[in-house]
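What follows is a set of notes on a single structure, which appears directly below.
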């Protein structure tokens with residue numbers, strides 16, 4: 001860190017500005033806006049300084065070190081390098097903070113680029129290394145930060161003391177303010193400059209805050225690549241006080257959770273269910289009843305084979321407020337990163353997503369429907385039952401030469417794609433690791449042309465031939 005960011009209160013404090021040109025005019029405008037008691041030293045000044053008449057002292061003379069007496073800050077804004085150097089050296093000897101415009105080496109402080117929503121201020125600086133980049137960032141921030149933020153900040157200051165009296169806990173106050181600032185109702189009142197109604201709304205919210213139940217937001221984390229996280233999902237995980245997350249949520253996405261949030265792993269893995277669903281349901285209710293803003297973070301989309309609906313049923317029965325933020329499901333994300341389109345005019349007019357897990361009481365899906373051609377079949381969590389899936393599809397008419405792919409860790413740096421035919425599915429599944437997605441259909445053949453993401457290609461090996469009832473050679477797993 002080359003510079004320590006800090007905000008200086010200059011109201012009524014003495015500041016010396018050396019120079020009278022356009023650059024000095026810009027600095028004068030900024031310093032006077034901050035309330036500085038400004039003294040300007042320059043033989044000549046721009047006519048535009050007239051707009052500040054009566055607000056500064058103009059000494060019509062050349063700079064000498066004597067001008068520094070009693071000053072708090074010094075700014076040199078001339079086009080004379082010798083004068084600027086003299087200002088810097090003289091101020092430095094007296095231990096004064098000095099800025100030489102556009103000369104970081106001769107500045108003990110610098111002016112950042114400012115986004116002004118007074119009293120809310122945002123400052124951006126590159127330490128003088130990349131002013132164009134700073135300007136672009138400032139323009140972006142200006143467009144992102146609504147104009148009503150200043151009024152909202154003023155209003156918050158008026159209610160702050162009452163919030164401390166009503167809510168003794170820091171976490172309770174933080175929760176109250178986060179919800180208030182995220183409220184569309186409050187934002188609407190501020191935008192209309194209806195300050196009285198806005199203040200009433202905040203005070204009413206404080207009166208209710210102590211007895212408030214929290215809320216749960218069901219958030220889809222997408223297939224793994226943090227760049228595929230939706231903007232709304234990012235906002236929710238950065239506002240959450242408690243995050244209950246699944247096994248499939250990538251570490252890169254968990255790194256985006258705010259640092260003081262409580263992280264609770266409720267992950268499950270095939271063959272090793274570490275947290276029962278009932279316990280997850282209990283935790284959701286418990287944390288929400290304690291008044292927390294809870295995010296239930298699930299890989300992919302929360303309503304796609306993720307028990308999202310079941311969890312919301314529990315919350316609804318318990319009277320817990322909830323909302324849902326959809327995510328990109330693995331079937332869409334992983335196939336795209338593998339270069340496999342789910343539908344294609346020549347190869348697939350439909351796509352079907354199923355889970356490889358057994359249904360209740362061993363009920364089987366409609367294999368006849370799943371085995372039709374010109375259809376892409378995507379199977380979640382299907383590795384452990386791959387041999388059964390293979391046999392059922394072939395026995396119901398799906399060709400054993402149908403192209404298939406198994407995508408491991410789709411959309412992440414660990415992505416690997418194993419390809420082959422339906423006859424080889426069971427053996428390829430033995431070579432794959434979870435989490436994996438099975439894709440069956442003619443569209444897989446397009447991967448040779450369309451693969452673009454830097455995954456490793458899988459190789460077929462240790463394959464043993466068998467024969468099914470239709471005479472199709474199936475490569476089955478040798479368990480001997």
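The first residue you see is number 1, and the count goes up from there.
The backbone N, Cα and C atoms fix where each Cβ goes, glycine too.
Same-site candidate for S-adenosyl-L-methionine binding, as annotated by Swiss-Prot with 299, 300, 301, 329, 330, 381, 410, chosen from 146, 223, 226: 223. Compared over the binding-site residues 23, 330, 381, the count of CB atoms lying within 10 A of a residue's CB peaks at 330. Its Cβ taken as reference, residue 301 (S-adenosyl-L-methionine binding site) is surrounded by 24 other Cβ atoms within 10 Å in the chains shown. Residue 44 (NAD(+) binding site) sits 32 Å from residue 126 (phosphoserine), taking the CA atoms of both as reference points. In the three-state DSSP assignment, the secondary structure recorded for residue 300 (S-adenosyl-L-methionine binding site) is strand. Of 22, 43, 126, 246, all annotated as recorded positions, the residue with the shortest Cα distance to residue 301 (S-adenosyl-L-methionine binding site) is 246.
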